[in-house]
Amino acid sequence: MLSCASFNKLMYPSAADVAKPPMVGLEVEAGSIGSLSSLHALPSTTSVGSGAPSETQSEISSVDSDWSDIRAIAMKLGVQNPDDLHTERFKVDRQKLEQLIKAESSIEGMNGAEYFFHDIMNTTDTYVSWPCRLKIGAKSKKDPHVRIVGKVDQVQRAKERILSSLDSRGTRVIMKMDVSYTDHSYIIGRGGNNIKRIMDDTHTHIHFPDSNRSNPTEKSNQVSLCGSLEGVERARALVRLSTPLLISFEMPVMGPNKPQPDHETPYIKMIETKFNVQVIFSTRPKLHTSLVLVKGSEKESAQVRDATQLLINFACESIASQILVNVQMEISPQHHEIVKGKNNVNLLSIMERTQTKIIFPDLSDMNVKPLKKSQVTISGRIDDVYLARQQLLGNLPVALIFDFPDNHNDASEIMSLNTKYGVYITLRQKQRQSTLAIVVKGVEKFIDKIYEARQEILRLATPFVKPEIPDYYFMPKDKDLNLAYRTQLTALLAGYVDSPKTPSLLPPSLAGQLTPYANNNHLLLNANGLATPTGVCAPTQKYMQLHNSFQQAQNRSMVAGGQSNNGNYLQVPGAVAPPLKPPTVSPRNSCSQNTSGYQSFSSSTTSLEQSYPPYAQLPGTVSSTSSSTAGSQNRAHYSPDSTYGSEGGGVGGGGGGGARLGRRLSDGVLLGLSNSNGGGGNSGGAHLLPGSAESYRSLHYDLGGNKHSGHRAFDFDMKRALGYKAMERTPVAGELRTPTTAWMGMGLSSTSPAPAPLENGENGAAGGGASSGWRLPPGLGSPYGLSATTGLLDATPVNRRMQLAKHKDIQTLLTSLGLEHYIKIFVLNEIDLEVFTTLTEENLMELGIAAFGARKKLLTAIHTLLANEAACSTMPSSSSSQNSSSPRFSGSAAPGAERRPSNQW
């Protein structure tokens, strides 16, 4: 007999066995596999003294063990060419294999598993490697692998026979659910007793993220459950019932003769004992109030609410009806859009029906700490707050992962189940295996739809698993799960919501032909215009492709007015898609949807908040949203994209005149005028300057009716500074942004490719020739050709030069120094001009300004600012006095003369 132990001893000899002479033969009964004696010829890959492999090696059937010499296996199977052999690797059910190992066989000395696999090898003429040393009842719940080597048709026969008895696809699943990380320790229980009891009762393995213990800044809410579908569903329900319920309220300041209750108050102790809750008092000295927390279990939620109401009545007496309670929960930031719904429809509906206030953190606010970005607060009456909390839990996403051994199935058939059940299905081919990993994602209140989708994918005849979902999870609209609602759920789960905040970049005629959720960026259009699912997005490639398409479209439009690409990495065939204007791209998270409603392709979180009228264009001026300076490409990634379209903006010569003020005068920002003059087609540029309307009028002077006075060269730095200030503004959720040409030619964009050479004779003087990396703003050149006789100093009025010499903020100062790429560093660290003057070289190093030249410029600027302040405080104010605080470019210079003012940096 060749038992499992003898087989292992043969395949993995120990040092003592290697020292012995080789055995001549083995006596095997006729009923067993006689060909097993030829296994002596198979070389052993285990080194002397290593012994048999560990259980882990046996479970995974490592390629480096008994599969190293494929020639020996081919010789044993009678195959002349080893290349004709085919290898198949797949999972089998662990529990079924354990039962088979424990079973007895009809052959003495062989267990059921040994006889099963030996019989398959003998009848199919294949070689099967299986974990014969599998530990029975091990803590690990992972399914082991089996490998088969042989000819293709024989391997398929052996695989079908093995899976008919040990198939795991109908039983083993992995569920990933969202549970507040603050509740994990409560669910686990003291010494892990609570979670152990759940795992034992449901025969599942529940895993909590290990990183939460070591990472103080980032926490994961994901909990994984592994086991049979019935066990996993039961474990999910028990985990939800085991979560803590924590309700808090503020105790108002009572009269001086009214003592404040505390934990030692007999009534408080009675409530704790009667309702099985824990009452915690937390004082807040700065607010002169006390916070009362009532903590209990979800399975006893009614008792927790009753205890809270009694405490409010006891502590607040006559004003108890006015006291509102708070409940906090953790929802992962990437799930906020799913929970809130399209255009926040779920959130608004819950708040309206429950009369509560639900606060989600602003994910775009860089002042919010990472841990606070998942914290959601619900305020209102006790029962209303609890109902709102339950409905938010019902909208949390749940993912179910399982294997699908048949990789020849039509993927489109599986993907068609998305809108049928309101789920989102993804497929992934497992490495070194012929199985597919299928992920079905849905919301927790509709988890039965996930189970139905799995049942249809696997074509199972077993009864449906009925989930235990509380009635509190459902909203009134959930009763009618129609096609539109299911399609909307699929779009939310896919992560690409087609809403006014995230407009589709495809034309409507084509968007309707793709999928029910039109702007899914996980789809690519092939040459036939059909949508096919793709894998992981590659931001860099799509980013480059995006801008290349912009540049090609720009060149075509300059030469022949050709069509422009839509700029998205959804590649639309030219014959199908109508020409679209390239949208402005803001540099944000790669391949992500954020709260401001942008798809973006970089890591910066800055954006342009305000709407700015465009500059007027002169004849022969080339304008492009992708124009940039050669030097700015090495600076920080800023790309201004305005929030609103420029209404009534004068580009060219036909627009209507009139003033258009900005929406935010309270911010100290005044949007300029966009005047259009019909005669020559030259428009006065619109300027954005800080301050009041008076400063705006004094700054925008008019020199003898010069129609181009708004486009002075000295406005350039100021406009660039204002552009960088605008990019630092926090976006407002819900406001639709449309690209404009307001900042064209300012060199603010560092995300665009180098500009194409200008055509001969096309703004050649202003552009500096084809080799120049600059595209100057419209009207920057002198309209009268006086540059040879009059310098810029003489052409600029004194009051204008004084305005330019005064730096009112850090953005203007850094722009004048040519260090605008450091603006973000100073803004993030909340450094204004007052703090700037106190910085030292060590402080600049700590801020990350490593360039020596940049530090020297900044230190010189600090010294000059301090000198100017000292001079202004000591010298008497006189209109004719000249001191070190004189403005930049003050005085008059002869044509061609060089002036170096005292405060030149």
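Yeah, the Cβs are placed from backbone N, Cα and C, and that goes for glycine too.
Computed from a predicted structure; not experimentally measured.
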Would you mind telling me which one of Ser332, Ser586 Swiss-Prot calls phosphoserine?
Ser586
Can you tell me which of these residues Swiss-Prot lists as phosphoserine: Ser65, Ser185, Ser557?
Ser557
Annotated region 'Disordered' segment (source Swiss-Prot; candidates 201-222, 663-684, 751-772)
751-772
Mean pLDDT, the domain 'KH 2' (324-392)?
94
Across the domain 'SAM' (805-868), what are the DSSP residue counts per state (helix, strand, coil)?
44 helix, 0 strand, 20 coil
